[in-house]
């Protein structure tokens, strides 16, 4: 038999059944078998067509994913949004310096400037427009399950509030308000230009715009929020305590998980809001997939959206910048990271959405009728337009696609045994691809973690190449092309298509059963390839079919699903790759990314991969060997390169710690040191060599912290600022010996004082009254191994004690004023001694030891630092 790689148009005579099925059970004698085209696509055409299709799709997605509109200058008409005017505000806010809650920059300089700007804008208001201003400094508490269960207690945090009412406002307009909210405080270690200073600047420009051109049928409330990074405290204070909340029917929350680029609408709580966005956004970028993923809890993050929704029962929209997550919560988050056009884009989108919601009477009331039900499918199409539909309509269309595919399978000439054989081949290819990609991920995790961190494209060579090699290898093993005919290969191609379609159909049915609106993606992957296959068969019926037409139609039919899926995964990778560089030393990020990249590959080539069955065995082996070579070279390069760079830095947490254990006999055991936590999987080891000229040059000092005293552990034995001990285990950190930190004379040391302790013999309950004073940021950990709390006063006792996490009750305290002071009581089940640990954090203090450490660090590191005290006592 002539080798397949020398294919030419075959003679009219069909091969015998024995020859055709020498390798597979594809009986050609089945009646009504459609006639297969006798020729096959040439190998070079298959490979070039495959590469050209995906390269061009990637280029289109990259262009649309990075395109931004032209920003408008400071001389733009007053009735238009201007990025230049917003940047003036942002530049001034950034000039105030580091802005965590409790600092002068956050509690005095920034609020004073914002109030000055608001007053200047109020002076330009149109006739009849009412502009009311209020400064709220709420105190309160609430339980939260975020990262872990804890009680979030706050005092004197700041909300700067502005209400804009239209002239001659009707009662309906006055009773229906739309709120726009963002925050100006900074996370520990963050410069906070994007998170969230730029959104404060955008809000100020929006305020100027709507004071000149107010809404006709609604009032606008602006909340310039001063305490979000302390886990949404100011938002809680506003939505639960301020009188203006009675009229708020919907809100728009502006956030950031990166810097610049296209903002993403990643969750909305109302069908009406999704429709308003679709109608009003000039540059839409939204996805129901992002919403369902975020609300599933997979992503360890939250925004003020959650507080407004859960405590105010208000529907809202959550926007966030997600590009360049490398600078998120670091000193690199400055104005230079925000590309021209990013501010203009978000500003104009919000203007359009606000105009839709406030420009029609009764629309906000419709939003409020179902404030927490989002049953709408929404997705942008390449940023050009939005597609929306109800959940019922979406599922009806998905069901129609399932029915169409089922009818096609029933009428198909492919037998069940052929589909089953093809199905097994697909799973062998997929299984080998996953195994190959995971193998590289495991090897990297063991010997060279995170090599792709600062060069994301390297992940393609590391994880996609071995997956492709595994798939092609399985295909080469199964297809003995020197013993099969073109007709058998065409039958195999159709069988592979139908088997793959069955897999997609099963996935669609499961997702619909789970109620996922994002099921539509699976329907898209069924419908368009199916239409392409049906067109090929129609052309063959009219004798207009050729191998070139087959390649063109088969790949062309996947343009929409491939480009749409690439857009979705571009967002995912843009978000997750930087996130994996700050996800801690527990979960190996290389394994996670290898699995994610492999899943992306399997989805994108789920149908197109079948064209490789037309390649001769030697060409398949060549493709496999090239992929293996790419994998080996990429892995070798990865093993020697520094995964970090100046713009994609390694993150470190540096705390100069003083620990004390107060023993029952009155003695105090104490120590001090620099506590170093690395936020990525490689741990602190990469900086070890840079300490050679410091007091910590002895490698024996680079060890994890130990208990200061036996049985002194209460939620570990270190001063945690957030309940993240399970993500950053203490045994993965360093505790370098150092002299005790010297605090400024005006600093207030954290102190916990027991005012009274009473025990009831009747109820067997013990009540203790405390006063807790100290710096603006403090924590209290109460042992839950031997103590069960039944009640406490935090949050007015509404929810009772928060559920214990890791054998401790966790309480976080934050105050906008210093010294902070809290009076509260707790009630315990017994009269036994209670172990507690209390912590104070000083965010603006840098000791000489901290400076010595930071001065020798390489440029590819960023540090979030604080001085912290930890005291354990028994009461």
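Every residue gets a Cβ built from N, Cα and C, even glycine.
TrEMBL does not curate its annotations; it predicts them automatically.
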Annotated stretch (transmembrane segment, per TrEMBL) among the listed ranges 341-365, 366-390, 591-615: 591-615
Per TrEMBL, the range holding transmembrane segment, considering 426-450, 651-675, 676-700: 426-450
Local confidence of the prediction over the domain 'Endoplasmic reticulum metallopeptidase 1/1-A TM' (420-618), expressed as mean pLDDT: 92
Any contact between the transmembrane segment (522-539) and the transmembrane segment (394-414), i.e. 3 or more CB pairs below 8 Å with pairs at least 6 residues apart? yes
Under an 8 Å Cβ to Cβ limit, what residues of the same chain, 6 or more beyond the ends of the transmembrane segment (43-67), are close to it? 5, 261-262, 382-383, 547-548, 551-552, 555, 558-559, 562-563, 566-567, 570, 604, 608, 611-612, 614-616, 619, 623
Between the transmembrane segment (496-516) and the stretches 394-414, 591-615, 622-640, the largest tally of CB pairs under 8 Å belongs to 394-414
